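A.B. asks: Structure in structure tokens, see below.
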Amino acid sequence: MFLIGFLITNYFGHALDTGTYFFSNRKIDSAISVSYYMSRSSLAATLIVSLIIGMSVYKDFLYNTFSITFSSVSSKFNYLIGRFFGAFSICLLICVAPYIGFYLGIVVPWTSKINFGASQFEFYLYSFVFKTVPLLFFSSALFFCLSTVLKNTIFNWLVIILIYALSQFTYNIYANPDLESFQYLMALLDPLAIVTDKYAIKKVSMGEINSEPLPITQVLLINRLIYIGLGILILVFTYFKLNLFTRQSKFKILNFFRKKKIQENIDVADAFTQIKLPKISPDFSFKSKWNLWLRLNFSHIFRVLKNPFFIILLIAAYFYAKSNIRAFGSAWGTSSYPFTYLVAVKYLQTVNLFIVLTIIWFAGELLWRDRRYSVNKINDTYPVSNLFLLSTYVPILSLIPFFYYLLVVLLSIRAQINLNFHEYSFHTYAEIFLLAYPTHITLLFFTLFIFSLVQNKYLAIIVLILYYYLDGYLLNSLLPHKLLHFRGGSSYIYSDLTGYGGSLYPNLLFKFYWLAFSGIIIYFASKLWPRGLSFHWKDILKKIKNKGTKSEQFLLRISSILFLCIGSFIFYNIYLQGNGRISTQEISVEYEKKYNYLQNLTLPKVTDVYVEIDLYPETKSYEVKGYYWLKNKSDKEIKKLALNYSKKHKETSFSFSNNAINEFYDADLNLGLYHFETSLKPGDSIKLDYRIKSQPKGFSNKGVKMSISKNNTFLRNSILPSFGYNPAFEIQQNEIRKLYGLKPKQTDPPSYNDSIGINNSMLSRFSDFVNFEAIISTNENEIAITPGYLQKEWKKNDRAYYHYIMNKPIQNFYCFTSGKYKVKKENYKGVSLEIYYHKAHSFNIDIMLEAMKKSFDYYSKNFTPYQYNQLRIIEFPRYLGSFAQSFPNTVPFSESVGFTSDLRKLNYNLERDINDDLSLFDFTVAKRNIPLFVTAHEIAHQWWAHQIMSGDVEGSNFLIEALAQYSALRVIEEEYGHDQIKNYVKFELNRYLLLRQFETIKEEPLIRIRKGQQYIHYNKGAVVMNALRNYLGKNTVDNVLKTFLENNSYRDNPYTHAGELYKKFRAAAPDSLKYIVDDWLDDIILYDNQIKKATYMRTEDFDYEVRFSLDLNKFRDNGYGEETEVPLKDYITILIHNSEGLELYKEKIKFTDINKSQEFKLLINRKPDFITIDPDFNLVDKDLKDNTVKFKKFKP
């Protein structure tokens, strides 16, 4: 336990060399972090606690001393209290160990302190008193009760699973933005109180989180009292259930099994006394050994299958999986159709814990059974090797996963039937299970090895479960090299379009690699396995030195040869053929230290692009030839040019139209420097011809590149040569830069006045708008697409060729796609709308086509005309990511974002009673129309990216992403009405509030954001732009955007920027509302609003008088989580409505520091039920739960 805490802080203190440093604004030794990690450590400690507490009484029954013990105790109460609290005290001392390890890991001199703050004793005291002790008491009471009443410790493991499952369930519900109304309930139920802490700090700033102790809130006290109270009730139950005069359990089913075993033993004893001993004729033939092996195997198999705990574990796995999984492939609260590959993998991941526990437990039960009943003294005399005896346990243990695989199939088919989806793919089940099985087999062999190494059954179980626990949390990060990470391997994922897309090859190599290693450890397990009565380590060493039998030698030799051969082959592919470097930080440091001086070189700009690309999906290769025209648009001569390309391709060649000498080329960093013999003068142009042949070599730790495969190619223009030093490759966090000896870096993005940034596109420093032409060839049965219009299509030598030309300049941003598509086309108002999709994914094609029309209509009418006469959506496999990306007139779209969204119950959600919170638990209901929203967002980029492009300065993504979010919301509003917008905005607001806690540098105002701050430009951007619409009016906002587009479309050198749009919004806002433009766009403003009291009474005129008082607070965040309260002079909407959602009163009221706390009185003509602050989610309120309150009847 000490090691767990010590490893955690050493990991975050970068003492363990993983090749990568990381930094978080939330300190690891803050109160919330200490509480979280110690809660997790306490859960791990329950493994040890279950043994200590469970054996405190059970040992009397196990060793048949209960009659002596019970006859000597003064009372049952004293006996139970003494045994319980004696063991509980020891467990408390054990649970102190991770705290000590955690603290020592901070103060030791070799850890970096960038992730640590000022550790305070009260942080640890809080966690121990309110987290560890209550959890320990509750779990100990359960362990004590089960082992005492049932006379068996085996059920204690189910308690640990139950605690873990309940904790995961509460966290999943709490983290779901659609289930915000249940956060308080989840905070009450979480046994680890992790959710309770998160609920308590919802309104706490990051600065306070790092420096202040966690508040002792009402919800925390109730949560802890619940579990302490349950613990007391369980102990009382134990007292009344324990009978000091009998060994039998009061649970009849257990007595049945126990009686049956006793009767079997009596029958065997009687039979033994009645038979005559036969003459012994030793038989050491192969047949004899084979029969012995079969008898032992069947004995082990029947022993496991008849064990009630095995059945109980299967049943527990069934209900655990059934209760925890309701959504498959969920995106933005909307599930995918339950395809077999989604359902089976989800359920397999859920029951994997049970597979591991079952293998570990029954391995221990079978291996130690002989010792428990002293049968080993007989079995050890068999004329067979240890390997022979160990091999008899393998068949049944290797069968255990198949029982769970069968359970997964039943769960999956049941889920598909319940969801009225009947496309069953049984070969997919077989593929998934065959890929998972080797991992379970290697775990099995590792389990046998640990049981042989650790000569204590329960200690071995603890070691194995702690390994599994740490493997999921730490070891994967500590051992990024998969050759060193036991059972590690490259990733793979299934897609309906391409299957596994070639990703299985390296993964299977790793599986065979670890299976070979398992053969080695099972050999040593056989050597370490104790046989006879001597367990001294000297005897064990002698056995290890002994060569053993021929079969043992064969196993060792063949396993070692395979392990070394496969490992060498993997090493060759990763580190010699592929890019074996794990740490991108080390690459970034080397890149900056070597070539930072090149960033001041003036770059020419690409003006024309011509590409011929031949795609070969079968071999995952491609050939490219083409040219750039480069123009010096600066006022300086250009003498040198840095060119980025990789010589790891099969062939690369470059030729400038004026002679250029290659001064050097860095193959590791893919950068070369060219010197022009004749300088490129301002206004001059040169031509660069290039040719690249790419043939994949080897693979990486993550696997093979998946961008080219049969029925799918998705390549971006990043495969082509680029120019100049790229500052984006540098490490951005100054805390990490310091560890590498780098100078501090300016954390704020370039300002609007930055002369370099404003003259460069945010997408590229070496191009503006370019003329584009491309010819793509691919397999004969595939369609190849790139931005532009198809000029010609032909076939030659079993290949298909497509010639595209774009009729107007575009940003140097394009893609090359290819696949076997089904195509849906429709000409709409002179624009060809096209969707290229997989034939089995036609579910939402009509919705996406309608979304294209609605987007086209709204944007063309309210902004500017669409610039092209064609618009295409192209599906690509989900293993490339769950996103869509908008290129000029072409939008590649992941299959998992929209194409497979299950919208069959969307209308039910739109018509749902707003107060029916329980209906939110129906995860088959689509919470949002994702195909419509994402399609509208990506099409909006044809305006906000391909008409308007920001300079490479602060706030660039505000113009591109936040305005696309706003545009998509307007399409949703046109489709469903203004009220349904709240569903989308609330989701975005909750996501922003959650993700801003993980900022690693500095949160910026919306119009000053850096690249990569997605939680701001996507989530906050949607909220703020929608709020501007609600306050300034839709027409005002749309007119500002229309004017901005008309004045700045296709503008470059200098580019426009967010500051210019901010000025237009400010000018359009009346004086009374200019503050919202300043607060929401150019500042970080948060609110903490709540309703203190809301009452109503019936008047003599049969109207209703309502009274309410509020608590309104406004804060400014400095970007680092430090908040300062600021004066309130804000218009805030107050809504009064009834239970049917009918608005009885809705008004924007100006609140100031003077009236924000006073009582308000209103007269309305109908009975009110609820009052809500900011019902449209215009304000960034830190806690939305207290913004709605039910009216109480006023009693004078």
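Note: Cβ is positioned from N, Cα and C throughout, glycine not excepted.
In case it's useful when we look at the structure, here is the feature table from TrEMBL:
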| type | residues | note |
| --- | --- | --- |
| DOMAIN | 934-1080 | domain 'Peptidase M1 membrane alanine aminopeptidase' |
| TRANSMEM | 39-58 | transmembrane segment |
| TRANSMEM | 79-104 | transmembrane segment |
| TRANSMEM | 124-147 | transmembrane segment |
| TRANSMEM | 154-174 | transmembrane segment |
| TRANSMEM | 221-242 | transmembrane segment |
| TRANSMEM | 304-321 | transmembrane segment |
| TRANSMEM | 341-367 | transmembrane segment |
| TRANSMEM | 387-412 | transmembrane segment |
| TRANSMEM | 432-451 | transmembrane segment |
| TRANSMEM | 458-475 | transmembrane segment |
| TRANSMEM | 512-533 | transmembrane segment |
| TRANSMEM | 554-575 | transmembrane segment |
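Surface or core, plus neighbours and distances: that's what I need for these features.
C.D. replies: When Cβ-Cβ distances below 8 Å are used as the criterion, the transmembrane segment (39-58) is approached by residues 1, 4-5, 8, 80, 83-84, 86-88, 90-91, 94-95, 98, 102, 127, 131-132, 135-136, 139-140, 143-144, 146-148, 151-153, 156-157, 159-160, 163-164, 167, 192-194, 458, 461-462, 465-466, 469, 473 of the same chain, each at least six residues removed from its ends.
Counting same-chain residues at least six beyond the ends of the transmembrane segment (79-104), those with a Cβ under 8 angstroms from any Cβ of the stretch are 1-9, 29, 34, 37-38, 41-42, 45, 48-49, 52-53, 56-57, 69-70, 73, 119, 124, 127-128, 132-133, 136-137, 140-141, 144, 148, 235, 238-239, 242, 244.
Counting only same-chain residues 6+ beyond the ends of the transmembrane segment (124-147), those with a CB under 8 A from a CB of the stretch are 31, 34-35, 38-39, 42-43, 45-46, 49-50, 53-58, 83-84, 87-88, 91-92, 95-96, 99, 102-103, 153, 155-156, 159-160, 163, 191-193, 213-214, 216, 220, 224, 227-228, 230-232, 234-235, 237-238, 241.
Below 8 angstroms of C-beta separation, residues 43, 46-47, 50-51, 53-54, 135, 139, 142-143, 146-147, 182-183, 186-187, 189-192, 194-195, 198-199, 309, 312-313, 316, 320, 323-324, 353-354, 357, 361 of the same chain, each at least six residues beyond the ends of the transmembrane segment (154-174), sit close to that stretch.
Under 8 Å from some Cβ of the transmembrane segment (341-367) lie the Cβ atoms of residues 154, 157, 161, 164, 300, 303-304, 307, 309-310, 313-314, 316-317, 320-321, 324-325, 328-329, 393, 396-397, 400-401, 404-405, 407-409, 411-412, 415-416, 425, 428-429, 432-433, 436, 440, 443-444, 447-448, 451, 457-458, 460-461, 464-465, 468, 494, 496, all in the same chain and six or more residues away from its ends.
Within the same chain, residues 289, 293, 296-297, 300-301, 304, 314, 317-318, 321-322, 338, 340, 343-344, 347-348, 351, 354-355, 358-359, 362-363, 366-367, 379, 429, 433, 436-437, 440-441, 444, 447-448, 452, 522-523, 525-526, 529, 548-549, 551-552, 555 sit at least 6 positions outside the transmembrane segment (387-412) and bring their C-beta atoms closer than 8 Å to a C-beta of that stretch.
Only residues 6 or more beyond the boundaries of the transmembrane segment (432-451), in the same chain, are considered here, and those with a CB under 8 A from a CB of the stretch are 341, 344-345, 348, 355-356, 359-360, 363-364, 367, 390, 393-394, 397-398, 401-402, 405, 408, 457, 460, 463-464, 467, 486-487, 492, 494, 504, 507, 511-512, 514-515, 517-519, 521-522, 524-525, 528.
Residues 377, 380, 385-387, 389-390, 438, 441-442, 445-446, 448-449, 451-453, 455, 483, 486-489, 540, 543-544, 546, 548, 552, 555-556, 558-560, 562-563, 566-567, 570 of the same chain, all 6+ positions outside the transmembrane segment (512-533), place their C-beta atoms under 8 angstroms from a C-beta of that stretch.
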A.B. asks: For a three-state summary based on DSSP, what are the helix, strand and coil counts in the domain 'Peptidase M1 membrane alanine aminopeptidase' (934-1080)?
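C.D. replies: Across the domain 'Peptidase M1 membrane alanine aminopeptidase' (934-1080), the residues distribute as 107 helix, 3 strand, 37 coil.
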A.B. asks: Quickly jot the same-chain residues contacting the transmembrane segment (554-575) by Cβ under 8 Å, restricted to those at least six beyond its ends, or write none.
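C.D. replies: For the transmembrane segment (554-575), the sequence-distant neighbours (Cβ-Cβ under 8 Å, at least 6 residues beyond its ends) are 387, 482-483, 506, 509-510, 512-513, 516-520, 522-523, 697-701.
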A.B. asks: Report, as numbers and ranges, every residue of the chain located at least six residues beyond the transmembrane segment (221-242) whose Cβ falls under 8 Å of a Cβ in that stretch; write 'none' if there are none.
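C.D. replies: Distant contacts of the transmembrane segment (221-242): 76-77, 80, 84, 130, 134-135, 137-138, 140-142, 144-145, 148-149, 187-191, 193, 196, 250.
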